[in-house]
There are 2 protein chains.
Amino acid sequence: MSQLWIKDGLFVTMNEQAEVIQGHMVVEDGVIVYLDKQTPPATLLHSNVEKVNGHHLVFMPGLINTHGHTPMSLLRGYSDDQNLQVWLEQKMWPMEAKYTEQDTHNGAAISQVEMLLSGTTTFVDMYDRMEIVAALTEQTGMRGVLTRGVIGLCSPAEQKQKLDDAIQFAVTWNGKADGRITTMLAPHAPYTCPPDYIAQFVEAAVKYQLPLHTHMSESRAEVEQNIKQYGTRPVEHLDALGFFSVPSLLAHAVHLTDEEIALLAAKDVAISHNVISNLKLASGVARLPELLQAGVRVSLGTDGPASNNNLNLFEEIRLAALLHKGTTYDPTVIPATEALKLGTYYGARSLRMEDSIGSLQVGKQADFIALNIDQPHYYPLTDITSHLVYTANGHDVQHVWVAGKQLVKDRQCLTLDVEKIKYEAQASFERLIEN
Amino acid sequence: MSQLWIKDGLFVTMNEQAEVIQGHMVVEDGVIVYLDKQTPPATLLHSNVEKVNGHHLVFMPGLINTHGHTPMSLLRGYSDDQNLQVWLEQKMWPMEAKYTEQDTHNGAAISQVEMLLSGTTTFVDMYDRMEIVAALTEQTGMRGVLTRGVIGLCSPAEQKQKLDDAIQFAVTWNGKADGRITTMLAPHAPYTCPPDYIAQFVEAAVKYQLPLHTHMSESRAEVEQNIKQYGTRPVEHLDALGFFSVPSLLAHAVHLTDEEIALLAAKDVAISHNVISNLKLASGVARLPELLQAGVRVSLGTDGPASNNNLNLFEEIRLAALLHKGTTYDPTVIPATEALKLGTYYGARSLRMEDSIGSLQVGKQADFIALNIDQPHYYPLTDITSHLVYTANGHDVQHVWVAGKQLVKDRQCLTLDVEKIKYEAQASFERLIEN
């Protein structure tokens with residue numbers, strides 16, 4: 001039975017009261033068993049307990065990235081400053097069509113390294129060849145919510161094959177890697193999947209008891225096209241297809257009416273707010289304050305590394321706190337504690353995993369990170385929650401644990417060969433542009 | 001005669017064509033004397049030339065932060081998520097009133113450490129007790145454009161004393177530290193300085209041939225108050241006082257009409273766009289694309305560390321590229337090269353120093369930084385300019401030189417005692433909140 005004792009650290013718990021505790025945490029077999037300002041009682045501690053000196057470190061829940069496409073890191077910086085459809089259809093898709101299995105692996109690997117080194121412990125990933133991402137996740141020790149994203153603009157036979165593949169992947173991998181891997185079903189978007197095809201995903205989600213994930217209302221053009229093609233806005237469209245009758249997670253949801261927000265709240269739909277990607281692709285600014293006000297399960301995602309262009313969730317947290325103040329002229333919206341919750345506890349809520357991750361609390365999985373706060377930008381130490389939102393940086397992450405297992409120690413990845421992964425990512429990109 | 005040879009590096013020059021050169025740079029007595037893809041000729045090199053291996057590093061001009069208040073780092077995180085007037089008048093000013101000389105020094109020192117470690121080589125600073133900041137700047141080796149900020153809501157006698165002090169400081173320090181320190185005159189803002197007092201600053205600026213700096217049109221309330229009080233918007237108000245008859249730099253300028261933009265362009269006025277501060281204080285989003293389109297000398301500033309809350313100019317660069325795409329729905333505005341210019345060459349233009357700094361070019365001052373790009377978030381290396389804007393981070397800065405003198409080596413400050421500075425910043429803050 002393995003036991004870990006974090007001694008004398010500063011713990012930003014992100015529990016309901018967002019308590020900050022100067023004290024001690026004990027982890028046993030991957031689960032938090034003690035967290036208090038007092039030294040743990042001797043009776044709790046084993047003789048072989050591993051000790052970590054918490055001095056100059058702040059401990060917080062690992063970050064939760066609720067939307068992304070990790071293999072796309074190979075295309076980071078390949079095509080910037082374009083509009084969404086040009087970028088996607090003329091730049092991304094042709095390059096992605098050339099991806100080999102090795103490329104998928106190489107892109108996913110460099111992304112997992114980057115996420116770990118910037119404090120993300122749980123990530124949602126939507127792509128194809130997901131068995132490669134799943135096998136990698138099993139090996140790296142991250143917590144992954146994985147789904148094959150399916151574009152349905154093809155023949156019925158091909159549609160069926162893709163849906164079968166998506167179900168096969170989801171059923172095979174759900175709960176694997178000691179429960180670190182869970183799965184979803186994901187029709188790519190209402191504009192890339194015909195209604196009857198989306199209905200088949202809903203049916204399969206019910207049958208296999210899997211959540212649904214999709215892109216929705218990312219751009220104004222897409223909403224207008226939905227109205228033109230189907231006579232309804234995307235929320236009503238998906239609702240009519242039964243999409244919200246199962247636990248579902250929508251990426252983006254930038255363009256929403258008051259009525260749509262009310263419906264999403266009533267149906268308990270989760271949303272991944274992709275702050276930076278929405279700005280970079282000029283999609284717009286999502287209505288985050290209203291979504292939170294309505295009680296929607298909203299959280300943060302980086303989107304793919306080609307539309308961001310990094311996977312540093314601390315930047316999404318900071319920008320979620322900053323952006324909406326500026327665009328609403330209200331400096332009190334999304335205060336620091338709320339922004340930090342968006343990247344941690346609310347992420348867990350979006351994934352319906354709030355009982356097991358998202359905060360440092362006894363009984364929860366020991367998914368946590370330690371930041372080195374003995375750096376100039378943290379001085380003076382006035383308010384640690386403010387500092388984690390308004391001055392911290394993913395590069396301050398010193399150690400990372402998932403389910404009690406240390407994955408990063410002193411900024412070195414313990415489960416990944418980073419030199420090899422960097423070399424292979426570069427080689428993949430060079431091969432992709434040559435062909 | 002000291003000589004430095006950067007061998008086999010990647011140089012992002014930010015010259016007019018924004019050339020990127022894989023090659024060599026030679027610096028002699030603080031000035032760039034050679035930059036080319038070819039190895040420098042043997043005749044150029046001295047026997048005692050210092051060599052730096054450029055492998056895995058990217059070299060670029062040092063960043064230029066055109067608006068800030070460095071001693072305010074002591075109040076970083078002390079009061080977030082408030083509106084501008086409450087934050088300023090109820091939180092900042094009472095604490096600042098308690099500042100001792102030692103506090104001013106301690107705040108400025110931790111700020112200079114933070115700026116250097118995130119790649120800023122030139123900074124504008126507006127505060128009081130500026131002789132302390134100037135002496136510090138002389139010692140640290142940074143390039144500073146310094147000015148005593150004067151609030152004129154006081155008796156005529158006090159006004160005169162403050163103006164005399166400001167002139168005295170500016171005249172004494174202008175050109176000091178081998179020209180690294182230059183100075184300006186700075187009435188704080190139209191809403192904190194009566195018109196006749198601003199006119200006295202203009203008169204002094206003409207007499208002593210000094211540029212002017214002020215805050216202007218940061219919030220909507222301030223613009224409305226100006227109209228109510230003086231019958232004009234701030235641009236017309238300052239223009240009528242002759243403010244734009246001398247080289248002037250305006251911080252913020254968030255709320256501008258088309259006519260105001262045209263006037264600022266015609267009068268060749270410079271603007272410091274404070275992206276993050278304007279969001280955090282809910283001031284709004286400046287019209288950056290229009291300002292650039294009109295040919296205004298616009299650049300980037302962090303503002304004080306209490307309204308940001310860091311001094312990492314790479315974040316302003318990235319956000320300048322991202323924000324305006326999202327709010328204008330145009331993904332082509334502020335492309336990566338333009339964003340990087342805002343933090344470098346355009347910064348120099350805002351300070352009328354574009355002949356000596358802001359780009360890597362033969363004949364210019366050797367103010368440059370080296371970033372370690374052998375990190376996961378830079379892979380694959382598709383487009384270095386894109387990476388410097390959309391994925392880079394101030395913490396990637398490995399080395400910093402100003403006027404050819406190395407100030408940071410392997411992330412260690414060579415001219416500052418960082419441990420002492422951190423300790424003293426913390427001690428200052430604790431003293432300030434106790435009293």
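Cβ from N, Cα, C; glycine included.
Since we're looking at a predicted model, the values are computed, not measured.
Listed in TrEMBL for this protein:
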- A:60-406: domain 'Amidohydrolase-related' (DOMAIN)
- A:H67, A:H69, A:H215, A:D303: Zn(2+) binding site (BINDING)
- A:E96, A:R148, A:H188, A:E218, A:D303: substrate binding site (BINDING)
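Closest in space to A:H188 (substrate binding site), of the binding-site residues given as A:H67, A:H69, A:H215, A:D303, is A:H215, taking the CA atom of each residue.
Sequence-distant neighbours of A:E96 (substrate binding site): residues of the same chain at least 6 apart with a C-beta under 8 Å from its C-beta are A:M72, A:L75.
Least crowded of the binding-site residues (A:H67, A:H69, A:R148, A:H188, A:H215), judged by neighbouring Cβ atoms within 10 Å of its own Cβ: A:H188. Note: the Cα of A:H215 (Zn(2+) binding site) and the Cα of A:R148 (substrate binding site) are spaced 13 Å from each other.
A:E218 (substrate binding site) sits 13 Å from A:H67 (Zn(2+) binding site), taking the CA atoms of both as reference points. Of all the binding-site residues in the list A:H67, A:H69, A:D303, the shortest Cα-Cα distance to A:R148 (substrate binding site) is found for A:H69.
Around the Cβ of A:D303 (Zn(2+) binding site), the same chain contributes A:H67, A:G68, A:H69, A:A251, A:N274, A:I276, A:S277, each under 8 angstroms and 6 or more positions distant in sequence. Pairwise Cα distances among A:E96, A:R148, A:H188, A:E218, A:D303, the recorded substrate-binding residues, top out at 21 Å. Averaged across the domain 'Amidohydrolase-related' (A:60-406), the predicted model reaches a pLDDT of 97. Sequence-ordered, the extra residues of this chain that approach the Zn(2+) site, with Cβ no more than 8 Å from the Cβ center of A:H67, A:H69, A:H215, A:D303, are A:G68, A:M126, A:A251, A:H252, A:S272, A:N274, A:S277, A:G301, A:G304.
In the three-state DSSP scheme, A:H67 (Zn(2+) binding site) falls into the coil class. When secondary structure is read from DSSP and collapsed to three states, A:E96 (substrate binding site) falls in the helix class. Of all the Cβ atoms in the protein chains shown, 26 others lie within 10 Å of the Cβ of A:E218 (substrate binding site). The DSSP secondary structure for A:R148 (substrate binding site) is strand.
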